[in-house]
Each structure stands twice: as C-alpha cells, then as structure tokens.
Amino acid sequence: VVSSSWLVPQVMQSLDPVTSDETVSVGGTVTLTCRVTESDNSSLQWSNTAQQTLYFGEKRALRDNRIQLHRSTSTELSITIADVQLSDEGEYTCSIFTMPVRTARATVTVLGVPSKPQISGFENAVPEGSKVTLTCTSTGSKPPARLRWYRGDQELEGRPDVVESVPDDPTYNVSSELTLEVSRSDDNALITCAVDHPSLAPGDKRSEHALRVLYSPVVEIHPESDLPREGEKFHLQCLGNGNPEPTSYIWEKKDGELPPLSRTDGAFLIFEMLNKSDNGVYLCHADNGIGNSQGEYTLLVQDPTAMSTSSGVDHAVIGGVVAVIVFILLCLLIVLGRYLIRHKGTYLTHEAKGSDDAPDADTAIINAEGGHSGAEDKKEYFI
C-alpha cells in the first residue's frame, strides 16, 4: 500500500518545469527549452525579461519575428530567438499553469563581440637601437576582451590592458601598449595584436603590421670575376646592405691613389685595362644617411694565360676521359688481332691436310694438288 502523503509530493515534483541558462553572442541564435517530467495536460508558457508572454503552448503571443516556435509537446516547450542583441540579456520565465502555477527561470547571457583590433605607432620608420611604442585597441566587447601581442609566433608581454566602460552601453573598450627596442633584425618583422574573447575562436580577430627599422649599411665588395687577368677589362661592385639603400659611394686605394686607367661610377670601380701595378687593397665607403661603413677587397692581377681553378678541373676531366677511351681502343685491337691470327692458322691447316699422310714428297705434292682440285676435299673456313 502506497501512502498518499508520499505520492502527492512526487507527482507535484514531476510537474515542476526545468530550464537551463544559455550564453550567446550578439547576432547569434539561442534556444530556450522548458520541460516537465510528466504531463497533466496543463499548458507551458515562455515569458521574456519584461514578463511579456512570448509563447503559450503553440500560440505566439508577441509579434517579434526573431522569436519562433521550435518544439511544442505535452512535456516540452522550446523557442528560438534569432539575431540576439545585448538588450535580450536577462531572465526568461517558463510557467506551467497548474494549481498553484509553477515556474522556472533561465538566464540568457549575451556576449558583446569585440571589433577587429587596430594598431597604431607604425606611422614612421625608427632607427635601430631606438624604442617604439605600439598601441592596440578593440571596442565593443562584453565581458572585456584580452589583447595579446606576438612577434611572428613568439608571444610578447605588453603592459596590462586598459579597460574602459562605454557610457549608456554594456560593452567595453580595451587597449594595450607594447614597447620594443628595435634592431636591424626587426626590420619587416610582423607584429600582431590578437583578441582573446569567449565569443571568438582563437585567431579569429587579429591585426598585424611590419616594423620598419632604419640602419646603417653593411658593405661588401664583389669582383666581376675570380680571375682578374692582365690586359682585360674588370670592375668591382660595392654592395651596401642597409635601410635605406646607400646613396653615396667613395672608392679609394689603401696606401695609394686609384690607378690612372680606372674610373668610378657610383657603386662600381671600373678598370679599363688591368695591370699588375693595380694590385693592392681597395676600399669602398657607403653612406645611406643613417650611418656609413666600408668594405675592402684585395686585387691580385694574374698573367694573361692564367686559368681558373674550374678550368683546370675541366681539363683534367677531359684528359681522363680521353685516356680511358684510348685504353679501351687498344684493348679491342689486341683482342681482334689475336682472334684473326688464330682463325688464319686454322685455314692454312685445312688447306694442306692432304699432304700430311703422304709416305714421300712426290706423293705429298700429288695429294696436295688433288686436294686443290677436288671440290669436296677443299674446305675453307671464314669467320
């Protein structure tokens, strides 16, 4: 026997509506579901934060096309709200009209989606060794977003985020600063500011800019060839790796003056006709307005018949190939000669076979002659 005092509370509990809190981003769609374990044919109802009825069973009560019926049964009432706005945030009430009326509440949290971050501080290029301060700003986040700095794939530590509330709006503006001491290796390095927020997937919103660093040139002198030969035309080129590119080049010869048969043309030092008296150390000074630097090159003029190392290697290879070919031909001639000699002996042996068995000289001559005249006895071997 079941006690009626125990049964009534159990029945009452099965009629209590059950809901769940939901979180949605601005512009998204949220589904509100209200369920009861058992049905006594009482109707379920959803009301908004202002206690306006949205749906009573299958019947729409509020004319808002964003709100649609998702499912309606005797034990469930589900609705959807599309294009959610910040004003939709709050408590929604599900009611079942029993005696007494039972209710359950669902809190809808609306996330303000932060804007794409904007980076400032890249307006001008900065000299190497100096400091640059970059500022990243993102607006419209709720709760406040977090800003992260990166140089390539490496995360950098900026100053703590500054969070500002927006008057008459539940969103926040967030900014962050990053100070860097730059070197020439930072030229064209990508600096990234990324927004971290629960409404976004990682990396969804980020901005990146390349640093521009000014630095003095590093100078190298490149010869026209590795084998400057006497009597030939020849030039040296001065290459200055700097930002900006060098605009001024000055050539000089260490411990002396430039040769009379040479002339300068910007980054080039041109020798109209090389002479061994041109040997020496040549210097190039390059200036780009940020700084200047110099490079040097030792010129050693070779004889007109001098060959480069690569040419010597090529001739050695050719000589080796020719030697191998000659050796193979000699081997073939030797083998062919031995072969011809062996088969020529066989021919002569069969030619005189008739005289081998003669008892005396006269008979041998007759047999030999007979051997020549008999078509069947004569056998010749040709290979």
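Numbers here mean position along the shown chain, with the first residue as 1.
Cβ atoms are placed via backbone N, Cα and C, with glycine included.
What TrEMBL lists as compositional bias 'Basic and acidic residues' is 374-383. What TrEMBL lists as domain 'Ig-like' is 9-109, 117-212, 217-300. If you look up TrEMBL, you'll see 352-383 marked as region 'Disordered'. Feature annotation from TrEMBL assigns transmembrane segment to 317-341.
In this model, the domain 'Ig-like' (117-212) carries an average pLDDT of 94. According to DSSP, the domain 'Ig-like' (117-212) comprises 3 helix, 52 strand, 41 coil. Across the domain 'Ig-like' (9-109), DSSP assigns 9 helix, 48 strand, 44 coil. Residue counts for the domain 'Ig-like' (217-300) under DSSP, helix first, then strand, then coil, are 3 helix, 49 strand, 32 coil.
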